[in-house]
Amino acid sequence: MRRAHTVEQVRAAEADLMARLPEGTLMQRAATGLAVAISNFLGSTYGARVVLLIGSGDNGGDALYAGARLARRGAQVTAVLLSSKVHELGLQALKTSGGRVGSTDDIPTADLVVDGIVGIGGRPGLRPDALAAVQLAEQYDVPIVAVDTPSGVDVDTGETPEPHVNAALTVTFGTHKICHFIDPAATACGPVHLVDIGLDLPPAAVESLQAADIRNLYPVPHGESDKYSRGVLGLMVGSTQYPGAAVIAASGALGGPVGMVRYVGPDTVAEAVRAAHPEIVAGNGRVQAWAIGSGLGDELDIPLIRELLDAEEPVVLDADGLKALDDAGDHVDVLATPHAGELARLLDVDRATVEAERLKYARLAAERFDVTILLKGATTVIASPDGQVRVNLNATPWLATAGAGDVLAGLCGSLLAGGLSPLDAGSVGAYLHAAAANLASSSGPITAMSVAAALPEATRYLLRG
Ligand SMILES: NC(=O)C1=CN([C@@H]2O[C@H](COP(=O)(O)OP(=O)(O)OC[C@H]3O[C@@H](n4cnc5c(N)ncnc54)[C@H](O)[C@@H]3O)[C@@H](O)[C@H]2O)[C@@H](O)CC1
Ligand SMILES: [K+]
């Protein structure tokens with residue numbers, strides 16, 4: 001599990017630890033980890049030209065001490081001071097180690113720029129001189145390594161209302177921060193490298209499941225399992241208008257842990273589903289969970305869907321089915337899987353607003369509709385009505401393809417029928433969906449059906465460990 005904490009949580013943990021350690025220990029731990037990560041990024045440190053952008057706080061201090069270490073290993077390190085007040089001891093260390101104070105003129109010929117402008121003490125946005133320095137690096141294609149967080153992003157929300165650094169690598173300390181997990185800021189971080197500085201942290205604000213977590217949560221059948229005890233999923237998806245959605249969602253469901261899938265819908269669609277998947281049973285019957293909504297088009301029966309939402313069995317509610325959601329019922333067993341546009345419609349705001357404030361609106365919808373919200377995107381946010389938030393970070397951009405959402409709905413339904421909670425079904429589903437996409441794609445185009453077809457192998461690979 002990767003965990004992200006709020007600035008307040010990090011500051012409290014840091015204060016606790018600092019009280020027990022000699023002054024400056026934490027910064028030295030951070031700076032050492034930062035210098036190692038920068039060396040690895042550069043490949044060769046000797047002779048490398050490194051420009052440090054230094055703001056007024058400890059974030060600049062980290063950068064200055066790391067710069068001193070790099071200078072001692074033969075790098076040509078220049079500090080651009082963006083504030084009249086900088087970390088004095090850090091600056092002295094840099095100078096003693098052979099680094100110097102320079103200007104933005106050093107940026108165009110640099111191999112690397114280090115962003116020590118602001119970290120967790122920063123407000124969104126960059127001041128004009130910092131912005132000019134960052135733009136110069138971008139103009140000359142000089143990669144930027146961000147210290148702790150890319151300066152300018154909103155650390156606790158992942159929002160980027162103002163100009164900010166777009167990093168090629170972010171090196172963070174102690175724990176992840178929310179901006180490392182939530183888009184659009186997560187994208188601005190690039191890959192994130194975590195340096196352990198020994199913080200003792202409370203439960204995280206946002207979590208991201210990793211392979212070992214998927215292994216622990218996946219409902220693996222045992223000796224006494226039969227097709228019913230493994231779970232039966234009811235699919236109410238696809239329509240005469242969109243028969244393909246039913247075939248694709250069924251493929252996603254069969255790629256999950258479920259023992260049996262029933263299809264409920266128009267005869268012609270049922271025929272298409274059975275032609276593609278002879279193991280699927282058409283018609284009503286007992287199920288342990290439903291996946292409802294993908295490709296229903298105009299054929300959706302809102303009163304019937306509301307009945308199913310109010311019934312005992314958990315439901316994945318996708319696409320057109322989301323229109324049946326209202327804030328009246330008790331829907332804690334529901335996993336709703338909107339993309340930003342659908343969530344915007346549910347909440348009566350603009351799509352761009354949801355895209356800009358993904359964490360806020362996922363949480364808001366989970367609370368308002370009393371459902372678990374899985375907000376799809378390059379990074380998927382899963383928010384449960386009790387306030388827990390998870391993020392899936394392993395997707396490939398190739399997954400943005402027609403029908404991929406239908407696969408996810410079928411897969412999540414399968415996981416719900418297998419006994420997972422909506423939060424676990426959503427987070428395990430998003431992870432496996434992305435893992436299958438990576439496997440099917442290996443950096444090339446994919447179709448939704450090829451993602452579904454790769455689910456068993458991606459799952460096998462994960463379960464084997
Ligand atoms: N908290 C921790 O556990 C640790 C923190 N360390 C470093 O310390 C950093 C936090 O240091 P600080 O608290 O000094 O804060 P920062 O260095 O993040 O920011 C310093 C100051 O910049 C000013 N500022 C705010 N927004 C700005 C903006 N948009 N543009 C320009 N200036 C702005 C503010 O006056 C703020 O107090 C962390 O991000 C990390 O890099 C590490 O040394 C190790 C441990
Ligand atoms: K920074």
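The backbone N, Cα and C atoms fix where each Cβ goes, and this holds for glycine too.
Note: TrEMBL annotation is automatic and uncurated.
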For the AMP site that TrEMBL gives with Lys376, Gly377, Ala378, Thr379, Thr380, which of Gly403, Gly405, Gly410 also belongs there?
Gly405
Per TrEMBL, Asn59, Ser151 bind K(+); matching candidate in Asp16, Asp111, Asp115:
Asp115
Nearest recorded site to Arg123 ((6S)-NADPHX binding site) by CA-CA distance, among binding-site residues Ser151, Ala378, Thr379:
Ser151
Can you grab the distance from Asn59 (K(+) binding site) over to Gly377 (AMP binding site)? Cα atoms, rounded to a whole Å.
31
I'm trying to understand the geometry here, so how far is the Cα atom of Asp58 ((6S)-NADPHX binding site) from the Cα atom of Thr379 (AMP binding site), in Å to the nearest whole number?
30
Rounded to a whole angstrom, what is the C-alpha distance between Gly405 (AMP binding site) and His339 ((6S)-NADPHX binding site)?
9
Candidate nearest Thr380 (AMP binding site) in space, where candidates are the binding-site residues Asp115, Ile120, Asp148, His339 and distance is Cα-Cα:
His339
Within 10 Å of each Cβ, count the other Cβ atoms and name the one among the binding-site residues Ile120, Ala378 with the highest count.
Ile120
